[in-house]
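K.L.:
Below are the features listed in TrEMBL for this protein:
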DOMAIN    B:95-304  domain 'ABC transmembrane type-1'
TRANSMEM  B:9-27  transmembrane segment
TRANSMEM  B:99-122  transmembrane segment
TRANSMEM  B:134-157  transmembrane segment
TRANSMEM  B:177-197  transmembrane segment
TRANSMEM  B:235-261  transmembrane segment
TRANSMEM  B:281-307  transmembrane segment
Amino acid sequence: MSVETLSEAGEGPRSRLSASLMLAASSPLTLIAALCLAVVVASAVFAPWIAPHDPLQLAPAQRLKPPGAEFPLGTDAYGRDLLSRVVYGGRVSLLVGLGAALVSITIGLAIGLVSGFFRPVDAVVMRIMDGLMAIPAILLAIAVVSLSGASLATVLVAITIPEIPRVVRLVRSVVLSAREEPYVEAAISVGTSLPRILWRHLMPNTIAPLIVQGTYVCASAILTEAILSFLGAGISPETPTWGNIMAEGRTYFQLKPSLIFWPGLLLSAAILSINLLGDAARDALDPRMKRREGTR
Amino acid sequence: MFGYLVRRVLAAIPVMGVVAVFVFLLLRLTPGDPAAIIAGDQASPEQLERIRISLGLNEPIYTQFFTWIGKVLRGDLGVSLISQVPVVQMIGQRIEPTVSLALSTIILSIVVAVPLGVIAAWKHGSLVDKGVMSLSVLGFSIPVFVIGYILIQIFAIELKWLPVQGFRSLSRGLWPFFERALLPTLTLSFIYIALIARMTRAAVLDVLGEDYVRTARAKGIAEHAVLLRHALRNAAVPVITVIGTGFALLISGVVVTESVFNLPGIGRLTVDAVLARDYPVIQGMILLTSGLYVLINLLIDVAYTLLDPRIRY
């Protein structure tokens, strides 16, 4: 046994994980994406200090003002400051993205672990997941929101439901292959309790792919939230979200396209950075995936 | 082979069953009185009772389900609560813009994305490859409606080349149809091109590493023949599969694109139904699109079992 294998064996999975993440961060594109995301997140977190005006304050005399000293990006149709609204709008979007990623991964992990381990459960669960995946995500989400009323919680639920099957499939496929490994057979044969097998022996295999999947869920949830708001089926229109600002901007688009372009730019930048970080994490955590970049 | 086909068709039934149960339970499991949810807060008791009767909400839940599913199987999707028009008829009246948008998007995307993907894989690591990969990441990241408004701003408002919005039926002349369909098709194609180009690139890249490709090259076969006859043909299965699974993405995109360009299609119909809480229409649309999704993927599966002699079950 060479020195290299010895030192590798000495490292836990955790340190290998952080090492691969460090490796991913060394590419310039990834650094730009991380920086870009950091700026968007910071502008949302520190919105009260950055925003020059109250994002909700109506000023009919100041309708559709061009950019100037008082309003850096101009005002909307109700005289509200566009910069303040765009900055505050990021709060809801990022919150929904993060929330949807955490919830769908938690639920998907639980279902996927059990389903991958028990054949009879698997058959039923996978049919349900196939059915859910057949429903277009936007239709499913707008149906849920229109029935339960538009609050942050229902929007989160509506966006999370269509994401769960993808997580379940991923976890299940990892469990199916890990279940055949000798250490799992060994654990079963010495009578390890079931929750312990699932959590201690099978779950750690899913961490790396779930980190990658989590970033994709986050990006797609932010996108879905914006689409819901844009269609008028999202969080109530008074709350500034990127989608809501753009939905209101539709009416005045020919007069003042910046009402759609600024929130659109921030939205695209946020989603793009998250997707790029996800790709970088995938390449670092699973080098085999690097060649076949078509699958998500 | 025949046994596989039968099994594959039978396997689609539980999937549609799950969709039906989900759509059915969505209204019934939402907290509160379903009739009150649909009618809104200002509804009179008579209005509520009318909705209950029209949706059969006074029956026990299993009776409701079997009555409903029986009607659905006979092609009856119920009646709109707002216009009192049968849902099937409403969808039929507004399907033309949607079908023309979806078809032109699929055709344009395949024509653009497959060659892009093949070239990217062939010139792996080159500028073309990097360009295609960047384009595909952008396609996944920029929301459909942002692309739509950028295109409107450039081509309809600044350059005044094309109309801003609207739809003209093909029966009223080719050019009026085409000039209004161009921008929505470009808008919606962006994400589909991203998806297909990415998949084609990955699949061709995989195949180019195979022994038979090396043999073909060693025999001195022209490079374009190697790419088309040996690589692309063998990479076709994953590419066609992703076109099928991308159908759900296409439907979501259609809903948004129709709103951006004011197209009177079934996507717009759904959004209007959602805003008016016209539940039978929403329900019908979910059933229809999911059914199409399952059907398309079934046909694709069957098609390549028949066409690809390597696939045997």
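The backbone N, Cα and C atoms fix where each Cβ goes, glycine too.
Keep in mind that this is a model prediction, so the values were computed, not measured.
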K.L.:
The transmembrane segment (B:9-27): which same-chain residues, six or more beyond its ends, come within Cβ distance under 8 Å?
P.N.:
34, 37-38, 55, 64-65, 68-69, 72, 279, 283, 286-287, 290-291, 294-295, 298
K.L.:
Give the nonlocal contacts of the transmembrane segment (B:235-261) in its own chain as ranges (CB under 8 Å, at least six residues past its ends).
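P.N.:
For the transmembrane segment (B:235-261), the sequence-distant neighbours (Cβ-Cβ under 8 Å, at least 6 residues beyond its ends) are 97-98, 101-102, 105-106, 110, 114, 117, 143-145, 148-149, 152, 165-167, 180, 183-184, 187-188, 191-192, 195-196, 199-200, 202-204, 206-207, 267-268, 270-271, 289, 292-293, 296-297, 300, 303-304, 308, 311.
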K.L.:
Sort out the residues at least 6 away from either end of the transmembrane segment (B:134-157), same chain, that have Cβ-Cβ distances under 8 Å to it, and list them.
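P.N.:
Residues 116, 163-165, 183-184, 186-188, 190-191, 193-195, 197-198, 253, 256-257, 259-261 contact the transmembrane segment (B:134-157) from elsewhere in the chain.
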